[in-house]
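Okay, structure first, notes after.
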Amino acid sequence: MTEQKATNVHWHEGEVTREDRNKILKQKGATLWFTGLSGSGKSTVAVALEQALAAKAKLTYRLDGDNIRLGINKNLGFSAEDRTENIRRIGEISKLFVDVGVITLSSFVSPYRADRDLVRELHEAAGMQFIEVFVDVPLDVAESRDPKGLYKKARAGEIPNFTGISDPYEEPLNAEVVLNSHEMSLEEEVNVLLALLEERGLLDA
Ligand SMILES: Nc1ncnc2c1ncn2[C@@H]1O[C@H](COP(=O)(O)OS(=O)(=O)O)[C@@H](OP(=O)(O)O)[C@H]1O
Ligand SMILES: Nc1ncnc2c1ncn2[C@@H]1O[C@H](COP(=O)(O)OP(=O)(O)O)[C@@H](O)[C@H]1O
């Protein structure tokens with residue numbers, strides 16, 4: 001594939017605006033970006049929040065590392081360069097969902113601060129809310145959970161560049177929310193997030 005930059009290409013605005021869509025949906029779109037080590041609890045919290053929001057008739061969509069990597073990003077691995085491209089594409093996809101009016105729950109290890117900051121900038125430049133949720137557990141907790149058996153494989157040298165073991169994780173400095181999933185119950189975590197969504201006026205248009 002030849003690397004080409006998009007030139008002479010312009011965003012085409014329709015007649016129905018984001019605000020119109022928000023009114024139809026009775027909510028405002030935003031991205032909740034869950035970052036943290038594998039096994040920290042990103043997916044578990046996103047799934048529980050999705051259920052809680054569905055019970056309030058709020059439209060959400062979850063984007064998750066494993067699922068995206070089986071489809072649109074199946075050509076990407078775990079080098080720093082590929083992770084950056086993974087996050088950039090997911091950032092753009094999240095933005096499209098937010099433009100529709102969906103509360104978008106994006107759960108990715110996203111270990112590099114600069115990559116997450118880029119996604120934040122993409123959203124904020126478009127007047128969209130980006131809420132960084134750091135699911136913060138010590139490595140030994142994530143490793144003892146090891147829900148997919150990946151830490152065991154990484155320790156055995158079977159998975160190279162494994163975050164936390166042989167690859168870095170850069171902690172967020174200014175996350176809107178920090179969830180210590182080893183000290184909080186799932187219900188508490190969901191309640192913290194629901195309260196924030198409420199406070200930010202996202203649950204009505
Ligand atoms: N080398 C390495 N490092 C980290 N994680 C790995 C790796 N290889 C495979 N996996 C599995 O892939 C999931 C992470 O994919 P992401 O797209 O979230 O990664 S990244 O944001 O691009 O860093 C991650 O999912 P979660 O466990 O849900 O976090 C792992 O299941
Ligand atoms: N309070 C909690 N919040 C989230 N996950 C928890 C909590 N307590 C225990 N867990 C467990 O931790 C594991 C987290 O796995 P997962 O959600 O797949 O993490 P990630 O998506 O970050 O890789 C699950 O087995 C989950 O049941």
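Cβ atoms here come from the backbone N, Cα and C positions, even for glycine.
Automatic prediction, not curation, is the source of TrEMBL annotations.
Features of the protein shown, as given by TrEMBL:
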{"type": "DOMAIN", "residues": "28-179", "note": "domain 'APS kinase'"}
{"type": "BINDING", "residues": "GLY36, LEU37, SER38, GLY39, SER40, GLY41, LYS42, SER43", "note": "ATP binding site"}
{"type": "ACT_SITE", "residues": "SER110", "note": "active site, phosphoserine intermediate"}
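Checking the binding-site residues GLY36, LEU37, SER40, GLY41 against ligand 1, none has a C-beta less than 6 Å from an atom of that molecule.
Checked against ligand 2, the recorded positions GLY41, SER43, SER110 give GLY41, SER43 as the ones with a Cβ under 6 Å from it, listed in sequence order. Over the domain 'APS kinase' (28-179), the average per-residue pLDDT in this prediction is 97. Same-chain residues with CB within 8 A of the center of the GLY36, LEU37, SER38, GLY39, SER40, GLY41, LYS42, SER43 CB atoms, the ATP site residues themselves not counted, are PHE34, SER107, VAL109, VAL135, VAL137, ALA142, SER181. Closest to the residue listed as 'active site, phosphoserine intermediate' by Cα-Cα distance, out of the binding-site residues SER38, GLY39, GLY41, is SER38. A C-beta separation below 8 Å, combined with a sequence spacing of at least six in one chain, links SER40 (ATP binding site) to VAL135, ASP136, VAL137, ALA142, SER181. The most densely surrounded of the recorded positions SER38, SER110 is SER110 (count of other Cβ atoms within 10 A of its Cβ).
For GLY39 (ATP binding site), the same-chain residues that are 6 or more apart in sequence and have a Cβ closer than 8 Å to its Cβ are VAL137, VAL141, ALA142, GLU143, ARG145, ASP146, PRO147, LYS148, LEU150, TYR151.
Listed in sequence order, VAL109, VAL135, VAL137, LEU139, ALA142, THR163, GLY164, TYR169 are the same-chain residues six or more apart from LEU37 (ATP binding site) with CB atoms under 8 A from its CB. Look at LYS42 (ATP binding site): DSSP puts it in a helix.
Here the binding-site residues are GLY36, GLY41; the one with the fewest Cβ atoms within 10 Å of its Cβ is GLY41. Counting every protein chain shown, the number of other Cβ atoms lying within 10 Å of the Cβ of LYS42 (ATP binding site) is 27. Here the Cβ of SER43 (ATP binding site) has 20 other Cβ atoms within 10 Å, regardless of which shown protein chain they belong to.
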